[in-house]
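What follows is a set of notes on a single structure, which appears directly below.
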There are 2 protein chains.
Amino acid sequence: MSIVGIVAEYNPFHNGHLYHLDQARMATGAEAVVCVMSGNFVQRGEPAIIDKWARAEMALRCGADLVFELPFCFAVRSAYNFALGAVQTLDRTGVVTHICFGAETPDLPLLQQIAFILSEEPEEFRTRLKALLDQGHNYPLARASAVSSYLSYHTRTLDPNQVLTTMMGPNNILAIEYLRALRETKSSIVPVLVPRVGSGYHDTSLTSYASATAIRGAFSDPNWDKLVKPYLPSPSHEILLREIDQGKGPVQEKHLEPVLLALLRRMTASELAAIHDITEGLEHRIKKAARQSNSLIHLKNLVKTKRYNLTRINRILLYVLFNLTKTRAASFDETGPAYLRLLGLSPSGQKILLKIKSKCRILLINRVKTVNKLLSPQSHPVARDMFDLDVLATDIYSLFFAEAQRQGGRDYTVSPIRIR
Amino acid sequence: MSIVGIVAEYNPFHNGHLYHLDQARMATGAEAVVCVMSGNFVQRGEPAIIDKWARAEMALRCGADLVFELPFCFAVRSAYNFALGAVQTLDRTGVVTHICFGAETPDLPLLQQIAFILSEEPEEFRTRLKALLDQGHNYPLARASAVSSYLSYHTRTLDPNQVLTTMMGPNNILAIEYLRALRETKSSIVPVLVPRVGSGYHDTSLTSYASATAIRGAFSDPNWDKLVKPYLPSPSHEILLREIDQGKGPVQEKHLEPVLLALLRRMTASELAAIHDITEGLEHRIKKAARQSNSLIHLKNLVKTKRYNLTRINRILLYVLFNLTKTRAASFDETGPAYLRLLGLSPSGQKILLKIKSKCRILLINRVKTVNKLLSPQSHPVARDMFDLDVLATDIYSLFFAEAQRQGGRDYTVSPIRIR
């Protein structure tokens, strides 16, 4: 009996996601689909367009059986830590047998080979990477090129250009990181590739399988609801409209602006230097830009470099907002996901949940009221700190809603979504 | 030869201020008027409606000769510390001979007697005050009542009700604090009372001498410019319109909302407990309210108590925003105003400035570019910290302007206003 895991953001849940979910179930013959999903902030370093419960409900009404939250401290991280946190979450359920993910290049052996190099970092590869970085290439390209050189030299059969192109596909990058995470955690979960359909990850045009980016872009249009409708499964469209009608979205990057600009002007360079991924004097660059700039976009353009691209800067700004320090990030990475936070379940998910209860290797947070008991700061300091960060993410996120919806503490009051 | 000092906020500069300025000059026969004025945040714990340079310009064009900035750490404090900081600033110029202030009750001997009690705190007074507070009275009333009992008992000639009423007038309260500050700093500056004309301090109606509160209230009306015109001297009206036209105002309390709500949710109770004037577990009250409330008004209503009234909560929220900790406030109070920050001058102010240069007992900050040299963190740690707080106040304040005006660092680029 197999249970398939999916790592997702569903920001929002669209036709491509539905296709992938169906394929995952079919390709593995799984009796259930378990999703691990980003919470209110996503891996690009942005707030999600609607909140985590609404996005979990979309997934459930489109065929998922269980949706767990990927803790903030893994969701808003580099592809490596995101994938590692997600794979560990699935692994720690104790019941997931397969993981299914999309890729632009559905060539599992090739992706495995690349994952192996990135994981093992052979001497030759590291020397080449360093040389390319020293020549001034940006990191993703230098890394792809170093892997490509290594593989084409050692295997002789691989076309270096093919390796290079493969490593530049955004879904391939994540796929490689999932494979690497499975390898590094010695997980017995079996990886299954599903070819992608439709638009690329970054594509902003609305085609039949429009990307989530394109769909989010439509919100600047007054007729957005009609514009996005063809690209969303009907439950997803319905939930999106309902949430926005209730004043709970669309949450956008612009909502971060007043808070972040004030916070960055307020913080000292040494406070910034304590934040995760702020290194090499970036704190001074940020301080200077915070003073000079009159908008968040202006600030980011002043701060970004080849090494710190826009997405990385976006994530760093969230680390600043949520005070994710180097110390905290290190303790979270050492522990890995410390709990399974249930966001929602289907009737068949209920049965899987019972199985998870008996087999899972970490705390299962199901009824929200038990959290304070389960996760006391004394008995579980790291887990509690990890959870408190998720709570803060929701509490800040709620401030971007319409005024009547801005109260905090939702993590303690909203129960997991149950669909019939 | 006399030079008269005025303590003001000019938020904005109105007919009543003009009257007071003229009276101050006449009553003292002064050759010049030196103002010490709040910067971008005022004693009620709010941002000023337009920035400090524009307000200084209003004063200069209406007859002031020199305008110095009262550092943030004194401007946004209780009446006692506000008055003390302002009186010390005037005293440290080395040239101010008189201080002129308004009062609802123009009875200098009475106000002096009250100031004496508050300063000396005789045993009998303290016992009575404690008893009244224990009975649940709020602090201002308990204090007024204890002074009243003490004075009427010891002088026999004073009507207790008169003392009580006197101590409830907002301008009387400040007047008493100026007298107390003169006494406690052993200043040789001579106090001169000018009776107030027109509306009370808190009055919200627009009468011929409308209060600044009433004028600020008019900004919610689309025809505000016409509405406020009769109550402002024409240079003041002109400057107000110009600033707002340039996107530099009106800055209002609502601008603080997104930043404060996010900051309060983000900060821990122990971080809050380190902030000045947060005592007796108020940090927990604030944390709880920050989670529950969906607006700043909602939050303040949840936090306020008899002891912590709305104005005090407003100020505390600014201490939070600007990280004015107990330690910093104590070091600032110990030092007192560490520099004379010039905001603007008239041609005759120029002559007084030369005199101040030779006589003043603290650093004179005139040309902004010399600040980094004059106030190095090594040679003047407290003064530099005090100045950095003023700079931060401006940098956060600028974020409440229209986007094109949001750049920071104005304290280093705007020169003192010179009028002809």
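We count from 1, first residue shown onward.
Backbone N, Cα and C define each Cβ position, glycine as well.
Annotated features in TrEMBL:
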type    : residues                             : note
BINDING : A:7-20, A:Gly102, A:Asn171, A:Arg196 : ATP binding site
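Taking the features listed in TrEMBL, we show where each one sits on the structure.
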| residue | record | DSSP (3 states) |
| --- | --- | --- |
| A:Val7 | ATP binding site | strand |
| A:Phe13 | ATP binding site | coil |
| A:Tyr19 | ATP binding site | helix |
| A:Asn171 | ATP binding site | helix |
Statement: Other C-beta atoms within 10 angstroms of the C-beta of A:Val7 (ATP binding site) total 23
Query: Considering the binding-site residues A:Tyr10, A:Phe13, A:Tyr19, which residue's Cβ sits among the greatest number of other Cβ atoms within 10 Å?
result: A:Phe13
- request: Would you pick out, from the binding-site residues A:Gly16, A:Asn171, the residue whose Cβ has the largest number of other Cβ atoms within 10 Å?
  value: A:Gly16
